[in-house]
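Asker: Please read through the structure below; I'll follow up with questions.
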Amino acid sequence: MTDKRALLDEIDFYLVTDSGLSRKGTLSDVEKAVAAGCRIVQYREKSISTKDMILEAAQIKTLCGSESIFLVNDRVDVALAVDADGVHIGQDDMPIDTARALLGSNKIIGLTVHNVEEALEAERMGADYIGLSPIFNTSTKKDAGNGIGPESIRAVKDSIKIPIVAIGGINKQNSESVVVSGADSLVAISAVVCSDDVEKETREFIDLIQRIKSLK
Ligand code: 3NM
């Protein structure tokens, strides 16, 4: 168990990078989000060479320091190359038991799921958290499918013990419904990285989520 894994219980806003949507670039987005108090960053990059990914991932790891969890989307090899804190994988990526065998027991593995059955299986297979998606319709991920609705979160929350990260179409207007329905934290990509002020947006999301949690 790494110290970082204990941080999973404390996360509110979860940054996923998107170089295609970003106004100021991935490194700037990570720097600003971490400065605002974001305690988990997932490097999600599909459009550059493996060599460049490793270089950028190493820089993100430095920006995350000891304060924030640093995960790599999909690419277990890149996570291993830079000694990231773990990976986030999808249903069609490397199977979770294979990823665990490669990464070891100390690393964090998050898995994307879409319903209660997949959430139960993720927990059974040793996922450290699940990403539940897509909560709302989103144009950020073209193949995400239709939103499952915030009301779907409760049944998943009641079925598993590991933290739930909600993703897909989330913004400041609909965050309350997501957190009230049982999400432990949330991702909002376009709502944050399309902004001119990522630090301010991140801080506002964190304040909002913490306020809603304190009222629950
Ligand atoms: N995964 P936005 S939806 C990266 O459904 C990602 O698994 C999804 O972006 C899934 O916050 C998504 O801009 C994009 O809607 C979320």
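FYI, residue positions are counted from 1 along the chain as it appears here.
Each residue, glycine too, has its Cβ placed from N, Cα and C.
Small disclaimer: the values here were computed from a predicted structure and weren't measured.
Just lifted these from TrEMBL, have a look:
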{"type": "BINDING", "residues": "Gln42, Tyr43, Arg44, Glu45, Lys46, Asn73, Thr112, Lys141", "note": "4-amino-2-methyl-5-(diphosphooxymethyl)pyrimidine binding site"}
{"type": "BINDING", "residues": "Asp74, Asp93", "note": "Mg(2+) binding site"}
{"type": "DOMAIN", "residues": "13-192", "note": "domain 'Thiamine phosphate synthase/TenI'"}
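Map these features onto the structure and tell me what's around them.
Answerer: Under DSSP, Arg44 (4-amino-2-methyl-5-(diphosphooxymethyl)pyrimidine binding site) is assigned to coil, being neither helix nor strand in the three-state scheme.
Sequence-distant neighbours of Asp93 (Mg(2+) binding site) (same chain, six or more apart, CB under 8 Å from its CB) are Asp74, Ala99, listed in sequence order.
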Asker: Could you check which of the binding-site residues Tyr43, Thr112, Lys141 have their CB within less than 6 A of ligand 1?
Answerer: Thr112, Lys141
Asker: Including all protein chains shown, what's the count of other C-beta atoms within 10 A of the C-beta of Gln42 (4-amino-2-methyl-5-(diphosphooxymethyl)pyrimidine binding site)?
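Answerer: I count 25 other Cβ atoms within 10 Å of it.
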